[in-house]
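A.B. asks: Attaching a single structure in structure tokens format; questions to follow.
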Amino acid sequence: MCGILAVLGCSDDSQAKRVRVLELSRRQFSFFLFVLKHRGPDWSGLYQHGDCYLAHQRLAIIDPASGDQPLFNEDKAIVVTVNGEIYNHEELRKRLANHKFRTASDCAVIAHLYEEYGENFVDMLDGMFSFVLFDTRDNSFIVARDAIGITSLYIGWGLDGSIWISSELKGLNDDCEHFESFPPGHLYSSKSGGLRRWYNPPWFSEAIPSTPYDPLALRHAFENAVIKRLMTDVPFGVLLSGGLDSSLVAAITARHLAGTKAAKQWGAQLHSFCVGLEGSPDLKAAREVADYLGSVHHEFHFTVQDGIDAIEDVIYHIETYDVTTIRASTPMFLMSRKIKALGVKMVLSGEGSDEIFGGYLYFHKAPNKEEFHRETCRKIKALHLYDCLRANKSTSAWGLEARVPFLDKEFINTAMAIDPEWKMIKPEEGRIEKWVLRRAFDDEERPYLPKHILYRQKEQFSDGVGYSWIDGLKAHAAEHVTDKMMQNAAYIFPHNTPNTKEAYYYRMIFERFFPQNSARLTVPGGASIACSTAKAVEWDASWSNNLDPSGRAALGVHLSAYEQQAAATNASVVPLKIIDTVPRMMEVSAPGVAIQT
């Protein structure tokens with residue numbers, strides 16, 4: 001992932017302002033202010049035209065040699081700074097045969113598409129992206145974000161009338177009077193002076209679909225989504241937790257990697273990566289899947305104390321105080337650092353499947369297919385605040401790009417058109433969560449995965465890395481947040497008041513980094529059970545007394561639910577000493593095998 005920062009319509013066009021914008025762009029993409037440019041370590045670019053500035057920090061994945069940004073059209077009248085990947089750029093270039101491209105960068109098509117089609121080209125892009133495009137001919141500009149919000153993006157307003165665009169809050173919080181998350185699937189046009197939604201798929205209305213379930217159509221749609229994301233000019237791998245989603249991504253990648261440009265450059269053997277506490281469910285399952293697929297497997301261990309030590313860094317980078325996001329981001333943050341150290345710059349990951357197929361365990365209690373479908377729609381629409389934010393910022397903190405094939409536009413359309421009756425969880429009929437996806441890849445002749453992996457129960461990432469991870473976090477928070485502090489929580493934090501000591505602990509750290517009211521308003525709130533929306537909590541009356549985003553809070557559903565682990569239901573009974581004897585941040589990988597260069 002790259003990083004972008006734009007200041008548009010600034011009243012100060014002095015050299016001092018140019019220096020300030022460059023300083024902010026470096027700060028926004030650095031680890032602890034100026035120490036390490038994390039989002040884009042490969043190149044820095046800054047363009048100024050009058051009172052407008054476009055800055056870019058590049059992580060080079062496609063055309064590393066000549067794709068530096070900002071990018072231009074032929075006569076440099078149109079300038080664009082982009083974060084993301086355009087997977088159909090070669091097809092789009094064919095439609096722009098009369099245009100001359102300056103680089104082989106996939107993002108170079110954006111300036112030329114605008115030149116050819118004006119503002120109405122964004123839906124032609126197949127990929128993940130956020131960009132700012134400036135037209136010097138009339139000093140107009142547009143800003144756009146991808147359909148689901150895979151890439152992070154924020155918009156802010158300065159007292160001098162300027163508009164600021166940034167990949168992270170850190171680029172805005174000191175200079176903007178107000179800022180907020182830029183909505184996914186939207187475009188801002190300076191000509192109209194407002195936002196409009198460019199992404200209008202059939203499922204967005206939440207109308208109940210009726211297309212019959214076709215397992216082969218679903219399989220082919222997802223295989224295509226994975227294959228198109230193998231576009232890379234740098235070493236890559238897959239994140240492999242051993243759960244259904246990441247295992248399918250790995251299986252399809254392993255099956256189709258040979259013969260691709262990436263295989264010719266970096267070798268046909270897939271590299272896979274997993275993280276967890278010693279003895280965690282994910283480590284065991286991922287190792288088995290890696291053995292089955294024949295991937296070069298890299299296994300990273302961390303301790304509870306390792307994770308706790310990283311919490312402040314994690315909150316600074318992911319820019320949220322949401323409990324479940326922080327729980328899951330921390331292992332991913334630690335793993336990303338190790339992956340980047342191996343020379344890998346891009347990974348495929350399995351985010352999005354649970355939202356599309358109702359994979360979270362609370363979906364067991366969906367009262368009917370209508371509520372089931374509406375909840376999946378709500379979850380997809382909120383992904384940019386949760387799992388997309390985690391996947392993007394946990395990896396980009398170390399200059400690593402995460403691609404998510406489940407959030408492919410065409411695949412989402414295929415999956416969300418299925419009659420939700422087929423997605424309903426019916427244990428009495430042998431249909432567990434995400435049954436339609438499992439069945440689509442249950443191939444007896446050429447199995448994608450071992451049967452018990454294909455039908456493994458859902459584990460949320462923060463649970464799968466080791467159950468003691470969440471229990472340890474609660475214990476640590478109990479040491480730092482007193483009962484008296486909780487009694488006054490509503491006065492200290494009137495917005496999204498934390499209702500647990502763990503939530504209060506994260507909120508204190510967040511407010512220290514981002515004290516502005518605009519910052520706290522970018523974080524979602526509301527009741528949740530096992531990652532549900534507040535609306536779905538209504539499905540079971542008992543849930544209101546057991547609100548926790550962990551999958552183990554789904555009482556009567558999860559095989560290791562809190563009701564079966566009484567010692568873990570209250571942080572106060574967990575031993576507060578959490579430093580163990582496991583060696584810290586070990587790597588276990590195939591001996592003598594390195595990333596081919």
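Heads up, the Cβ atoms here are built off N, Cα and C, so glycines get one too.
In TrEMBL, annotation is done automatically, which means it is predicted and not curated.
What TrEMBL records for this protein is below:
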type     : residues               : note
ACT_SITE : C2                     : active site, for GATase activity
BINDING  : D106                   : L-glutamine binding site
BINDING  : L239, V275, S349, G350 : ATP binding site
DOMAIN   : 2-193                  : domain 'Glutamine amidotransferase type-2'
SITE     : E351                   : site 'Important for beta-aspartyl-AMP intermediate formation'
A.B. asks: Could you tell me the mean pLDDT over the domain 'Glutamine amidotransferase type-2' (2-193), as a whole number?
C.D. replies: 85
A.B. asks: Give me the non-local Cβ neighbours of E351 (site 'Important for beta-aspartyl-AMP intermediate formation'): same chain, 6+ apart in sequence, Cβ-Cβ under 8 Å, ordered along the sequence.
C.D. replies: D245, L383, D387, C388, R390, A391, A402, V404, F406, L407
A.B. asks: Hey, what's the Cβ neighbour count for V275 (ATP binding site) at 10 Å?
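C.D. replies: There are 30 such Cβ atoms around V275 (ATP binding site).
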A.B. asks: Measure from the CA atom of the residue listed as 'L-glutamine binding site' to the CA atom of G350 (ATP binding site) and give the result in Å, rounded to a whole number.
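C.D. replies: Taking the Cα atoms only, G350 (ATP binding site) lies 23 Å from the residue listed as 'L-glutamine binding site'.
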A.B. asks: Please find, for L239, V275, S349, G350 as listed binding ATP, the greatest distance between any two Cα atoms, in Å.
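C.D. replies: Among the residues the record ties to ATP, max Cα distance equals 14 Å.
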A.B. asks: I'd like the Cβ neighbour count for L239 (ATP binding site), meaning other Cβ atoms within 10 Å of its Cβ, all protein chains included.
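C.D. replies: Total other Cβ atoms inside 10 Å, all chains included: 26.
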A.B. asks: Near S349 (ATP binding site), which residues of its own chain have a C-beta under 8 A away, given they sit six or more steps off in sequence?
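C.D. replies: Sequence-distant Cβ neighbours: V238, L239, S246, V249, A391, A402, R403, V404.
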A.B. asks: I'm trying to understand the geometry here, so how far is the Cα atom of the residue listed as 'L-glutamine binding site' from the Cα atom of C2 (active site, for GATase activity), in Å to the nearest whole number?
C.D. replies: 13
A.B. asks: Taking just the CA atoms, what is the gap between the residue listed as 'active site, for GATase activity' and V275 (ATP binding site) in Å?
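C.D. replies: That separation, Cα to Cα, works out to 24 Å.
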A.B. asks: Including all protein chains displayed, how many Cβ atoms other than that of G350 (ATP binding site) lie within 10 Å of its Cβ?
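C.D. replies: There are 24 such Cβ atoms around G350 (ATP binding site).
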